[in-house]
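Read the structure below first, then the notes.
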Amino acid sequence: SFLSAEEKGLVNGLWSKVNVDEVGGEALGRLLVVYPWTQRFFQSFGDLSSADAIMSNAKVKAHGKKVLNSFSDGLKNIDDLKGAFAKLSELHCDKLHVDPENFRLLGNVLVCVLAHHFGHEFNPQVQAAFQKVVAGVASALAHRYH
């Protein structure tokens, strides 16, 4: 496994306290605000005209919730991320043609949101473990490009 037993413990320990629905909406919203070019995949989502509009957009929140619930399911299969994300990789890569760089950006935004929510608890060791996880997930999602 790309994570040690200790790292898995840190990731699962923090993740058990995450409000997945709320954090998902915030992470996707921040992605669209911070990296505005990612908005082109969400043109059907309505008003994305300002940071406030994006962060309060119900469709953004709903998709963010969906995204993070999938991420959460993936954590249960941490030793087979490629398998866990095969279908989503196919959808995003083959059908939607999402640039895989966007998966990496969202992973980094998620790390920021977790740091923001958990403060001191999100210490350097926890961050290091989560960076490995989001990199692993991004790589699994980009798998169809290789």
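Any Cβ shown, glycine's included, is placed from N, Cα and C.
Annotation source Swiss-Prot lists N-acetylserine at Ser1, citing experimental evidence. Here Swiss-Prot flags 2-146 as domain 'Globin', drawing on sequence analysis. Per Swiss-Prot, N6-succinyllysine is recorded for Lys17, Lys59. The annotation phosphoserine is assigned in Swiss-Prot to Ser44, Ser50 on the grounds of similarity to another entry. What Swiss-Prot records for His63, His92 is heme b binding site. Among the features that Swiss-Prot reports, asymmetric dimethylarginine is placed at Arg104, with the record citing similarity to another entry.
The Cα of Lys59 (N6-succinyllysine) lies closest to that of Ser44, out of the modified residues Ser1, Lys17, Ser44, Ser50, Arg104. Around Lys17 (N6-succinyllysine), the same-chain residues at least 6 positions away in sequence with a Cβ under 8 Å from its Cβ are Phe118. When the modified residues Ser1, Ser44, Ser50, Arg104 are compared by Cα distance to His63 (heme b binding site), the shortest distance belongs to Ser44. Within 10 Å of the Cα of Ser44 (phosphoserine), not one of the modified residues from the list Ser1, Ser50, Arg104 places its own Cα. The two recorded residues the residue listed as 'asymmetric dimethylarginine' and Ser1 (N-acetylserine) have their Cα atoms spaced 20 Å from each other.
Note: the Cα of Ser50 (phosphoserine) and the Cα of Ser1 (N-acetylserine) are spaced 41 Å from each other. Here the recorded positions are Lys59, His63, and the one with the most other Cβ atoms within 10 Å of its Cβ is His63. In this structure, the modified residues under consideration are Ser1, Ser44, Ser50, and the one with the smallest number of other Cβ atoms within 10 Å of its Cβ is Ser44. Residue environment of Arg104 (asymmetric dimethylarginine) contains 17 other Cβ atoms, counted within 10 Å of its Cβ in all protein chains. Within the domain 'Globin' (2-146), the DSSP-based counts of helix, strand and coil residues read 119 helix, 0 strand, 26 coil.
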